[in-house]
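Notes follow once the structure below has been shown.
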Amino acid sequence: MTKEKIIVIVGPTAVGKTALGIALAGAFNGEIISGDSQQVYRHLDIGTAKASAREQALAVHHLIDIREVTESYSAFDFVQDAKRAIEDIVSRGKLPIIVGGTGLYLQSLLEGYHLGGDLDQKELLAYRQQLETLTDTELYQLLASKGIHLDQVNRRRAIRSLELNQFARDLENQEAPYNPLMIGLTDEREVIYERINKRVDLMMASGLLEEARWLFEQYPAVQASRGIGYKELFPYFQGQASLEEATATLKQQTRRFAKRQLTWFRNRMAVRFDSISESSYPQAIYDRVERFLKEP
């Protein structure tokens with residue numbers, strides 16, 4: 001069976017994924033699917049770095065503004081929604097382009113976890129999320145307790161092996177449903193950190209404080225409020241930190257998040273990274289996409 005070709009753009013926050021996605025959509029007749037766990041929420045526009053109205057006018061975007069802030073959203077929900085969006089985009093002769101930094105969501109979609117058959121997908125994804133909370137040492141101890149031996153151990157292989165052990169009959173014959181071209185964007189760490197600092201300053205100037213205050217006053221305990229960009233400002237509203245301190249914390253936590261994102265994609269998904277500072281960027285990516293689409 002021929003697998004549908006899709007483009008997947010990943011990388012740390014503030015590296016330019018949205019801009020590249022829009023450019024590729026224009027060049028290759030594509031539509032964008034957000035792969036970000038926070039951009040599904042309505043009313044949370046600035047802190048989630050959601051594509052602006054102008055940017056959304058340049059390319060059709062899917063899975064943005066599809067949940068109220070009071071609703072929960074999971075990897076299971078994303079897989080369902082993304083599959084429907086891909087089917088819709090392909091049915092109209094267009095190219096699906098997934099843009100986002102929520103690694104667990106993308107891995108769940110790309111690695112063949114189908115939503116039909118005997119396997120309870122909610123149970124599978126809940127088990128994976130449980131495994132993701134374990135340290136490397138705890139993972140390897142769990143492997144040993146189940147009699148699983150891996151010659152070369154990394155987190156991705158460890159988690160996959162534990163899933164197979166837990167759901168062997170349902171998972172062992174599944175294949176990845178898509179043929180993805182993985183595109184990773186990166187840059188020197190200090191350059192990314194400077195981009196993050198400038199982005200936070202721009203967000204604050206654009207109304208992030210008011211957006212965060214609304215969330216704090218109306219829905220302080222919902223899942224959406226736990227995302228980076230909001231909870232760091234809550235101590236200011238509670239009188240526990242100055243605005244300067246809260247903003248500095250937001251920058252620091254965003255930088256740490258970007259580092260975790262890079263580590264996650266490098267360790268757990270087969271991603272080729274391109275530096276946005278290279279003279280060949282973005283033409284080299286355009287050429288790669290063109291070759292990929294011409295392949296049988």
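Each residue, glycine too, has its Cβ placed from N, Cα and C.
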Looking at 36-39, 252-255, I want to know which stretch Swiss-Prot calls region 'Interaction with substrate tRNA'. 36-39
Using C-alpha atoms only, work out the spacing between VAL15 (ATP binding site) and THR102 (site 'Interaction with substrate tRNA') and round it to an integer in Å. 14
Hey, for the substrate site built from THR13, ALA14, VAL15, GLY16, LYS17, THR18, who else sits with CB inside 8 A of the CB center? GLY11, PRO12, ALA19, ALA49, GLY101, LEU185, ARG195
Students should find that the Cα atoms of THR13 (ATP binding site) and THR102 (site 'Interaction with substrate tRNA') sit apart, in Å rounded to an integer, by 10
Lowest local Cβ density among ALA14, VAL15, which the record lists as binding-site residues, within 10 Å: ALA14
Of GLY11, ALA14, LYS17, THR18, which is closest to ARG128 (site 'Interaction with substrate tRNA') if I measure between C-alpha atoms? They're all binding-site residues. GLY11
Return the residues near LYS17 (ATP binding site), defined as same-chain residues 6+ apart in sequence whose C-beta is under 8 angstroms from its C-beta, sorted by sequence, else 'none'. ILE9, VAL10, GLY11, VAL99, GLY100, GLY101, LEU185
